[in-house]
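Straight from TrEMBL, the features:
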type	residues	note
DOMAIN	3-178	domain 'Guanylate kinase-like'
BINDING	Gly10, Pro11, Ser12, Gly13, Ser14, Gly15, Lys16, Asp17	ATP binding site
Amino acid sequence: MSGRLIYLMGPSGSGKDSLLEAVRERVLSAGGQIARRVITRSPEAVGEDALGVSPQRFEQMLAEGAFALHWRANGLAYGIPRQIDEWLAEGRDVLVNGSRGHLAEARQRYPELHPVLLTVEPQELRQRLLARGRETAEEIEARLARNGHVRLDDESCQRLDNSGSLAQTAEALLRLIRGRACA
Ligand SMILES: Nc1ncnc2c1ncn2[C@@H]1O[C@H](COP(=O)(O)OP(=O)(O)O)[C@@H](O)[C@H]1O
Ligand SMILES: O=P(O)(O)OC[C@H]1O[C@H](OP(=O)(O)OP(=O)(O)O)[C@H](O)[C@@H]1O
């Protein structure tokens with residue numbers, strides 16, 4: 001039986017990378033996997049477990065069919081390695097740090113995916129992006145503006161509020177996964 005694709009979305013700064021890191025050990029010990037994104041950003045990017053590549057290398061990987069999913073946002077290119085298909089075929093649940101703007105395309109490839117939307121109070125979101133200190137003030141404003149016009153009216157999305165404690169959000173995500181995806 002195929003594993004489930006847990007497609008985590010949310011505004012830049014809402015805590016997707018932090019949440020995936022917080023649940024990583026328990027997801028892996030339950031036989032699940034967490035996809036490592038490929039991003040055209042410096043490998044030193046603060047607070048994320050992504051593979052940083054040049055735009056040229058990204059295009060080469062894309063041409064070689066290396067990605068199961070890929071999209072562009074925030075002036076960057078993001079890719080999800082095709083390895084997730086092997087994991088899913090092995091019956092493993094796979095968590096992906098996804099994009100709200102790419103959900104429709106992701107659904108075309110994975111009709112059974114489980115969408116999870118991380119939400120954060122707007123003012124808290126701004127503070128977190130500033131505190132993370134990875135983007136310039138201009139890039140932060142652009143991300144906040146993007147959040148203002150990316151609309152997700154998909155009622156099937158499970159919503160997780162990450163405005164409070166990360167540990168509590170992690171427990172909520174694990175309950176959600178156990179409830180819907182893991183035996
Ligand atoms: N529940 C939380 N409470 C306080 N700070 C958080 C919480 N979740 C994430 N953060 C912080 O907010 C910033 C953005 O988190 P990050 O995981 O990079 O978000 P995303 O991956 O969605 O862009 C980071 O500095 C992170 O440490
Ligand atoms: O379509 P959206 O839902 O707005 O998402 C746009 C992009 O931003 C998110 O990445 P992330 O939050 O990790 O961005 P960052 O790491 O570049 O800040 C998400 O993973 C997408 O790659």
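A Cβ is built for glycine as well, from the same backbone N, Cα and C atoms used for every other residue.
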Annotated binding-site residues Pro11, Ser14, Lys16, filtered by Cβ under 6 Å to ligand 1: Ser14, Lys16
Secondary structure at Ser14 (ATP binding site), reduced by DSSP to three states: coil
Annotated binding-site residues Ser12, Ser14, Gly15, filtered by Cβ under 6 Å to ligand 2: Ser12
Mean predicted confidence [pLDDT] for the domain 'Guanylate kinase-like' (3-178): 92
Environment of Gly10, Pro11, Ser12, Gly13, Ser14, Gly15, Lys16, Asp17, the listed ATP site - residues of the same chain whose CB lies within 8 A of the CB centroid: Leu118, Val120, Leu125, Arg128, Asn162
Neighbour tally for Gly15 (ATP binding site), based on other Cβ positions within 10 Å of its Cβ: 25
Binding-site residues compared (Pro11, Ser14, Asp17) - the one with the fewest other Cβ atoms within 10 Å: Asp17
Protein Cβ atoms within 10 Å of Gly10 (ATP binding site), excluding its own: 24
